[in-house]
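Heads up: the structure comes next, in structure tokens.
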Amino acid sequence: MTCNGEANYAAEEQNNTEENAENSETKKRAKETEGKGVADLSSVDVLDVLKEAVENCCDESEDEQDWVWLILREEAQQHAYNEPLLASFLFSTILNHKSLEAALSFHLANKLASPTISSTLLMELFRDALEESKDFRLACRRDLIAVKERDPACTFLLEAFLYFKGYHALQAYRVSHWLWCQERKAMAYFLHSQITKELHIDIHPGAKIGHGVFIDHGTGIVIGETSVVGDDVSMLHHVTLGGSGKKYGERHPIVHEGVLLGAGATILGRIEIGEHSQIGACSLVLNDVPSFATAVGVPARVIGMRLGRNPASEMQQDFRSSET
């Protein structure tokens, strides 16, 4: 073996060793959560474990535990014990199912059923989307973790799963987007209509939305057809990602990773909101916003920049802390 060959082999062995050590550490931290109570399982430390383990649990490996689902079930059991009047609801929605996908399909189908399409048919549709799309399976877990991590009003994963319509609308949108990508646009539009009517959140099936997205409250949100929303974005109620004029093609905003959109913010046209930037409540944005910037006003202007901040995770809306 040549010197270069030996060096490459050594480097490859080192990379494999580091990767195996990282995977072992993730599994070790996940196993440490076994046997803990609900309060421990909902802690910040365990949220970090969930973020690391969630991708593995979607690989359909028998060796990997779905910790999001295990926590949901334990929380449901505890809530049923504490509030017997909800025991039947919690059993039918959570405890009677074998997976997060089955429970989510059941729950959303019952929320969005109509006199013309039963909850049973919708549940089968949702299950098909979840079973065929690993991306959807990952997203529904990462979105749930994002709610627990960023919303101080959410004390349990169970609360977000059962009651937070921002989470419901986002997962139902993901089904409509799956239909849209399969050219089943008639069914996608039907589902979009039901989401808008029942949850008061309007996300076009053609929009592209990443993972770990948090929609707080949600009422009045509008996301247009060619909008792009990156990973780990947070937005509050009455946000609009709208087009400008009647032109076809890409006419809606691009919102990059880690952006915080304040309540009532309106962003119009094919403009870009840079990563980890922040748009103030009720602002009207008509031009690009650079990364790590804070923009407010009508029309919006940049009032400060701070590198290294993560406004979508911090949910900090005190603009004075963002100024340079």
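Using N, Cα and C of the backbone, Cβ positions are placed for all residues, glycine too.
If you check TrEMBL, you get these features:
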COMPBIAS  1-14  compositional bias 'Low complexity'
REGION    1-36  region 'Disordered'
COMPBIAS  24-36  compositional bias 'Basic and acidic residues'
DOMAIN    68-172  domain 'Serine acetyltransferase N-terminal'
Secondary structure content, the domain 'Serine acetyltransferase N-terminal' (68-172) (per DSSP, counts of residues): 86 helix, 0 strand, 19 coil
Stretch-averaged pLDDT - the domain 'Serine acetyltransferase N-terminal' (68-172): 95
